[in-house]
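What follows is a set of notes on a single structure, which appears directly below.
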Amino acid sequence: MELSSGVCPATRLQEAEKAAVHKRSPKVLEALRKLNIQADQAPVIAVLGSGGGLRAHIACLGVLSELKELGLLDAVTYLAGVSGSTWALSSLYTKNGNMEGIEEELKHRYEKNEWDFHESLEKAIQASKRENYSLTDFWAYLIVSRQIRELQDSNLSSLKKQVEEGVLPYPIFAAIDEDLLADWRERKTQNSWFEFTPHHAGYPALGAYVPITEFGSRFENGKLVKSEPERDLTFLRGLWGSAFADIKEIKNYILNYFRNPFGKLKFIEGPVTYSEAPRMNVDAMLLDLVMAYFTDMNDPSIKDKLCALQQALGTETDEFGIEMAEIIQNWNETSAEKKEQFLDHLLDRFKKTQEDTTTYSLMNWNTGLVWDRCVFVNETRKCVSKWQWGTVYNFLYKHGKIADETMCSRELLHLVDAGFAINTPYPLVLPPVRETHLILSFDFSAGDPLETIRATADYCQRHEIPFPEVSEDQLKEWAKAPASCYVLRGETGPVVMHFTLFNKDNCGDDIETWRKKYGTVKLSDSYTPDLVRDLLRVSKENVKKNKINILSEMRKVAGNPGNIPRVNKEACLGDRVKDPQGSQTVEFKKSHNISKD
């Protein structure tokens, strides 16, 4: 069976996207007519939302709500987001575009301070059993779900219907290939960017895509050899929104889940019936040991915990017991590598015990919840040690028709927050294949709200992509007291309207006060209902105050959508992988021997 998407030349849209955009066009024309704008051909208007954590999530919801209220959202063809804005965009689609309902639900969550820790923990525990478990899973289910107070079980592919019918704009969610970040920093390589839509996932600059339902499955030489279930939106939100802070800050954030005594109780409590054996509860002891080792491998109490565990197991006379006694005796002199090997060995031993109930009968091992939590803590510990994020199978692995060795030699990809590159998804709507005429870019970044313009201008200059010219002096001057909107236009390429969140128009002289009030790493627990309402209000004001400007630019591109000169598509796709056989489409095919979990 031939898959609907594969590695395709990037000089054309994927067929499903092309059909959805075509279906959207009459809806756009109808919306423009309601706005008293006449057009024979629907211009392509894209709305972009930047990263910025929970601040971006709430502010982007405010922007979408006001765009819809003013009748502007119906004239939009593409919605694209980075990091926190992807959370808002995904909410729009899961709620069928009902912005009033989304807004009321958002306020309710923060008024009631709702978040189900146990459900989130169970999701993370189940994810830790996957071969490709990474910190993205932990982050998604225990951090992001807490931030936005929502677990979303639905899949990205489930959002196709309203997109295919043209009811809502076509969504694009941005990520970055972490393994290519060094190339990005040095050369701003195009193939660093990765995108997700309800139909596909892949590298737009390479023209390499896989159906979204097969994202995360194992491919080899273009054939699907092991199918994996489609990941839910909670996981994807964690992948799209993982650039909250620097490494040290994130690491401490994760470790605090296990250091906090209350957190430990949360992990151990639940419907667990501990053994009434004369020896101690081995299951709880092992979990306590793993958590102690995770938070501080040099903790002096670890040796005592090992001694107690050894006594409870009663393994002093067998081979493993002798090994255990030896490592306990020399624990303080043992290398970190050997300590880790022993801990893995210990857990493997316990796993075998579950399978052989005649072994160590005194353990009365609880084979369910506590064991799962031990595995979860230990797998998370390994990921922290290796700092592994966004691990998924590479659908280009060993593909015979891919010339780029870097892209086809890796069995695994590591996808992370696109904010590590540019905090707004300009690179995903600027390629000429999407023929964007007008971009409404809403910036919710911390710090300089013009930095994304600066970074995008540099990126476009390197790759001969049309983008309005901006001078560094001008950007610096604007950043001192940002206006709510800047209109940028060049001789070629789309018109860009860049909106700043906190500006002199809605904050007066208190811009810095507002920025401090809504820090990127600010936890949702510190967001009061008033803070949520205020952020929604100022983000809406930016749209409302600039309605006339937006309509003016819409009118201009609608009057002459062909005014954007054609550019050399090959030049704009300089990093695109070339098929060594020529211009033919490289396809994926399902193997006759597909394994399923």
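Cβ atoms are placed via backbone N, Cα and C, with glycine included.
Feature annotations, reproduced from Swiss-Prot:
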type     : residues : note
ACT_SITE : Ser83    : active site, nucleophile
ACT_SITE : Asp417   : active site, proton acceptor
COMPBIAS : 587-597  : compositional bias 'Basic and acidic residues'
DOMAIN   : 1-597    : domain 'PLA2c'
REGION   : 576-597  : region 'Disordered'
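Asp417 (active site, proton acceptor) falls within a strand when secondary structure is assigned with DSSP. Each residue contributes its Cα atom, and for Asp417 (active site, proton acceptor) and Ser83 (active site, nucleophile) those atoms are 6 Å apart. The residue listed as 'active site, nucleophile' carries neither a helix nor a strand DSSP state and counts as coil.
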